[in-house]
Amino acid sequence: MTATAQILPNTLEQNSDNISKKPLLGVNVDHVATLRQARGVSYPSPLAAALLCEKAGADGITIHLREDRRHIQDADVYEMAGQLTTRMNLEMAATTEMLEIACRVKPYWVCLVPEKRAELTTEGGLDVAGQLDLLKDYVAKLQAAGIKVSLFIDPEDKQINAAVTCGADAIELHTGSYAEAGLAGDIEKGSVELERIKTAVITAKRIDSKLLVNAGHGLTHDNVNAIAQIDGIYELNIGHALIADALFVGIEQAVIMMKIAMHR
């Protein structure tokens, strides 16, 4: 738990101004499922956690249905689709199986991400430029089913251009390198990575003013504010750090704390 977490007011009413500000906060509850799967039992429930996050002011819920089903399971996706009161953002790889699931569930958002079975977490952005034809067709099929599509990409011009060519409704900029620099205490690299993200937002809006620009990966109370202050960022998706704080303060308070950290 960070120093920030120890001094914040702890009620929704005290923080109503922060709750309603942009960028929006999407909460990833994958690691509630990670804890459940560690014992192969039926608890804790990602759905119950998601509903508490919504109650505390989360603007959306993100879940990643991986091909290896290491945390979120198919049943979680269907449960949430029927009970969330905000927007479901379903992260998934661009496979035939996942397309079929998404078209049945019809989440508000699908965010296409790269996957490697050996990785602990998503290690980088999707190479949209390198598989343009495949992804353009895939995006079109999702949109034909009434689903908005986001592409998780590195903050690079070629990937932004490719995402626009694909017809994506949004991009999510990978903030992992920025976050890792901060954890390593590398202030110079952190500044460089922050500027890359700022430039990417400007580039995206210049190419397509209607394109929504989200960001996420590795964001914590200590590093989120600089990203949240970037003009043009629509939503931040945060999971691991928020769920970690929830172990100490409860999940509703963790959501409130993250909103305050974003807008302090």
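Cβ atoms here come from the backbone N, Cα and C positions, even for glycine.
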Task: Among GLY57, GLY82, GLY190, GLY218 - the residue Swiss-Prot places in the same 3-amino-2-oxopropyl phosphate site as ASN28, ARG39, GLY239, HIS240 - done: GLY218
TODO: For ASP30 (1-deoxy-D-xylulose 5-phosphate binding site), just give me the three-state DSSP call.
DONE: helix
Open item on the list: In the three-state scheme derived from DSSP, which category covers ARG39 (3-amino-2-oxopropyl phosphate binding site)?
Closed with: helix
TODO: Can you tell me which recorded positions out of HIS64, ARG66, HIS71, GLU172 are within 10 A of ASN28 (3-amino-2-oxopropyl phosphate binding site) by Cα, answering none if there aren't any?
DONE: HIS64
Task: Sparsest Cβ surroundings (other CB atoms within 10 Å) among the recorded positions HIS31, ARG39, HIS71, HIS217, HIS240 - done: ARG39
